[in-house]
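Structure record follows, encoded as structure tokens.
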Amino acid sequence: MPIILLKTEHLLLRQMALDHIVTIQIPFETEKQASIARNSIAADPVLKKNEISVEFIAEGNVLQCKFAGVSDRVIRVAISNCIDNIKTVIETIEEFDGQKDTLFKKDS
Amino acid sequence: MAPIDLDKYVRPGKDHFLALGLEGSANKLGVGVIKHPLGELTPENRALILSNVRDTYITPPGEGFLPRDTARHHRNWVVRIIKRALADAGVAGADLDCICFTQGPGMGAPLQSVVIAARTLAQLWELPLVGVNHCVGHIEMGREITGAENPIVLYVSGGNTQVIAYSNQRYRIFGETLDIAIGNCLDRFARTLKIPNEPAPGYNIEQMAKRGKHLVQLPYTVKGMDLSMSGILGYIDGVAKEMFGPQQKKLVDKETGEEITPEDLCFSLQETLFSMLVEITERAMAHVESNQVLIVGGVGSNERLQEMMALMVKDRKNGSVYSTDERFCIDNGIMIAHAGLLAYRSGQTNALEDTVCTQRFRTDEVFVEWRD
């Protein structure tokens, strides 16, 4: 399982008020996996755009998720949601990457 | 009009199409694999169901399923269920033509939890995605299983209640509920009576209703071609609370003087709601001069509803009722695979940015390119 690295910064972006910022970095095995993960989770629009903005960037084999929100609470909700999605992505990758030609066995 | 060519996108050297379908718009997570032979689907050239796996999120008696918890259930199971469906079908990713997923309508969080897996798998295996309208999935599956050609469709489930007729490449809604869906009405009454949700609340109500003898008068609310059910639910909930709450009020049947039981309430609720459904269905049939009815959706597995519909249809010339069993009328992945594959064969694929799910997605928004 990839290790999740947290980095918190506080910036003074008063005009936007999205001054609570957290970046999550998730390393994948390959560059392709990181970009697949990005594409899978970035397709969904962020609700409440005036309260939170989320940016997903695949850099090499690392997926960077940048959250900027108006409060700790909205950041927490967004991160929790994002990690839930990434869990599904990672599990899907783990089971199916490189298995396109595999005939899965029953009860495995 | 020239016949519709459904074989434009067949892969070289193949004599069939294969699709994986993922459904998770409510509390059922379903994955299925379907195979279409080349050419138009007919009774002699039918779709082949290779696998149909389902896992239902069941809540304790008295509780409904909430979006967050349901989404968590789907996330926990989706990869395992996909694997099982592929294993059951004996199909590898390389054999598939497309991956179909429910794009709506339904509960937002559960829908979204499943589309994440669909997007990831589609990218890993470089397969196109096809977004499917859940209601159209039910209709197409019902048509394929029963062979009904151009029926009036009664779509009755936990989230939807619609009477539908096909015309000019759209499934048009003739009548529908103005408030809650019929399955929602039954499920919520099951919660009031603390009837178990296993295997399904509606199923347990149906079994109890078979033992009911006395009809309790309930409001009957057909409004033109539409129905309203929240008032009926409020009324019968009130009756049940008087009977089983602190008041312990005894209710007796006027004719026999016998005491009203929970079974009688289930029976009365079913009889009233189903009569309303039969009434608007019959009116829709008269409008479009059709003599076939196809019942789809989870409530469609109720045998009493099927029976009442059959009684109505019998009085019409050459009338027939088509329904499917629980494998196909309760939410499942195969119907999504089937409807999605029909759309794929008519040229539909969804780019990643067009795979966002929506809670509201009306049946008549879909352009039915695969029918003439």
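Cβ atoms are placed via backbone N, Cα and C, with glycine included.
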Q) To which of B:ASN45, B:ASN52, B:ASN302, B:ASN318 does TrEMBL also attribute binding of substrate at the site defined by B:TYR155, B:VAL156, B:SER157, B:GLY158, B:GLY159, B:ASP187, B:GLY202, B:GLU206? A) B:ASN302
Q: Select one of B:ASP325, B:ASP331, B:ASP354: the residue that TrEMBL places in the divalent metal cation site alongside B:HIS134, B:HIS138, B:TYR155.
A: B:ASP331
Q: Would you mind pulling the longest C-alpha to C-alpha span across B:TYR155, B:VAL156, B:SER157, B:GLY158, B:GLY159, B:ASP187, B:GLY202, B:GLU206, B:ASN302, which the record has binding substrate, in angstrom?
A: 18
**Q.** Neighbouring binding-site residues, C-alpha within 10 angstroms of B:ASP331 (divalent metal cation binding site) - of B:SER157, B:GLY159, B:GLY202, B:ASN302
**A.** B:SER157
Q. So what pLDDT does the domain 'Gcp-like' (B:51-337) average out to?
A. 96
Q: Return the single residue from the binding-site residues list (B:HIS134, B:HIS138) that has the minimum number of other CB atoms within 10 Å.
A: B:HIS134
Q: Check the binding-site residues B:GLY159, B:GLY202 for other C-beta atoms within 10 angstroms of each C-beta and report the one with the most.
A: B:GLY202
Q) Where B:HIS138 (divalent metal cation binding site) and B:GLY202 (substrate binding site) are concerned, what is their Cα separation in Å, rounded? A) 18
Q | Additional residues around divalent metal cation, ordered along the sequence, whose Cβ is within 8 Å of the centroid of B:HIS134, B:HIS138, B:TYR155, B:ASP331 | A | B:CYS135, B:GLY137, B:ILE139, B:SER157, B:ASN160, B:VAL296, B:GLY297, B:MET335
Q: Provide the three-state secondary structure of B:GLY159 (substrate binding site) computed with DSSP.
A: coil
